[in-house]
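Since the structure comes first, as structure tokens, the remarks are kept for the end.
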Amino acid sequence: MKAFLLTLLAQLCSASLVPEREKDPEYWRQQAQETLRDALRLQHLNQNVAKNLILFLGDGMGVSTVTAARILKGQLQHRKGEESLLEMDKFPYVALAKTYNTNAQVPDSAGTATAYLCGVKANEGTVGVSAGVTRDRCNTTKGQEVTSILRWAKDEGKAVGIVTTTRVTHATPSAAYAHSANRDWYSDGEMPLDALEGGCKDIARQLVDNIPDIEVILGGGRKYMFPKNTSDVEYPQEERHRGTRLDGKDLVQAWHDTKPAGKVAKYVWHRRELLALNVSRVDFLLGLFEPGDMVYELDRNNETDPSLSEMVAVAIRMLQKNPRGFFLLVEGGRIDHGHHEGKAKQALHEAVELDRAVGLAGRLTSPRDTLSVVTADHSHVFTFGGYTPRGNPIFGLAPMQSDVDRKPFTSILYGNGPGYKIVGGERENVSAVDFAHANYQAQAAVPLRQETHGGEDVAVFARGPMAHLLHGVDEQNYIPHAMAYAACIGPNRAHCSSAARPAATATLLPVLLLLLLLC
């Protein structure tokens, strides 16, 4: 009822919907001229070699989520919201990526991760392997492994890191280092007997074994690293948080053991430990802050769990020590989970936090030598509409009732999901519930226990060296190829001996013409 009254109050104040400055046509003309000047500056392309690469991945962050997050960001700053700018909005180059998997029109996060990290499209449910691998079929994996841009960067001597709000063994991060016929094989405790007997490794073990010199790994997923029934350090009484491994291995200790003599490897599980870290004295960092996924930003314990922004800040400072540069994968992974649960408020606050991390990374690096890319793996069947007035609370009601059942509805809705609610044979009256609550499940048209992904294209925002290569409508697997070209790594090293030629030629041309005239 409180939420209903607040929305009603906002709509009653609609007489002042238009800010005074926006009533003056000159305001819009000046704004357009500033945008035009910015666009004209793009004629001078940044063709530097990218020393550093940062890929920000908003899991499930479709265009409707980006727009709603922009409005939320503005409203959190006590503005109307629509006129706000996300940090990613400030990136000068924008493209669209087609997200389908090789066997799925509407994709999952594993096949898409293989595309934007490894540069090849793949089947849904598989990570780090080609489309020749069938989900769950361990015996189809051998010889079908594909490597990621993280591996390409490491092979060129760069530092590399992974930061996520999900498990570090989840679909997005795992495609950076693992090769698996099933994205859900987090530990050997989740694997079927035939896969174990077939010699396939679980994803947590691959994290330790495949690329042992990853400098930074931060996220959740402690329980997949410890033997079955090992009590969790933070939740010792909770059985669901205990270790899951059947092989008896302590993979945190194994992670320590793989590090070269003389190098300092640090494992942390508490925010205080992370923020107190002296990065100049640490060579390798593993931080696992929850047994499974990290807690939603709105519910986060500020004592024990770091925010995504805090993890990114530590990661960049760690990786910047390498004079050859770095590659960093940053995933705002729980945007996706919020949408699956129909909890739009959780999802959008996760998106705002990812954008906060984008801004922080921008302040810690320079676009002169750092290529930053922000994108999503897929969208969701999330929408907002209803002819809402300017400044309407993003989690509020539309200003109209249904002309069919005569009941109000929230601006935010889902095409399907757990928010399908029938009360007394009719659609639930949302004015009787707290629709502004963090865990409110927005109404959905079709009942499902979990809301589904959407199949439309996703945005790709780019800034820095060679960012102009990301333009138009591209296949999703193009992204790492463009980034690798910018950094002279992986399959795109060949051009690097002449990387400076376009700029050099442009600089020397006037001199050459002058010499010809003098002769």
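Sequential numbering from 1, following the chain as shown.
Cβ atoms are placed via backbone N, Cα and C, with glycine included.
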Same-site residue for Mg(2+) (record: Swiss-Prot; known: ASP59, GLU331; options: THR169, THR172): THR172
Same-site residue for Ca(2+) (record: Swiss-Prot; known: PHE289, GLU290, ASP305; options: GLU197, GLU215, GLU234, GLU238): GLU234
Listed co-binder of Zn(2+) 2 (same site as ASP336, HIS340, source Swiss-Prot) among HIS453, HIS468, HIS471: HIS453
Swiss-Prot annotation, disulfide partner of CYS138 among CYS13, CYS200: CYS200
Between PHE289 (Ca(2+) binding site) and ASP59 (Zn(2+) 1 binding site): CA-CA distance (Å): 19
Secondary structure of CYS488 (disulfide bond) (DSSP, helix/strand/coil): coil
CYS488 (disulfide bond) versus ASP336 (Zn(2+) 2 binding site) - Cα distance in angstrom: 32
Proximal but sequence-remote residues of the same chain as CYS138 (disulfide bond) (Cβ under 8 Å, at least 6 apart): ALA181, ASP194, ALA195, GLY198, GLY199, CYS200
Spatial neighbours of ASP305 (Ca(2+) binding site) that are distant in sequence (at least 6 apart) but have CB under 8 A: ARG271, PHE289, GLU290, MET294, VAL295
In three-state DSSP terms, the structure that CYS200 (disulfide bond) belongs to: coil
Secondary structure of HIS453 (Zn(2+) 2 binding site) (DSSP, helix/strand/coil): strand
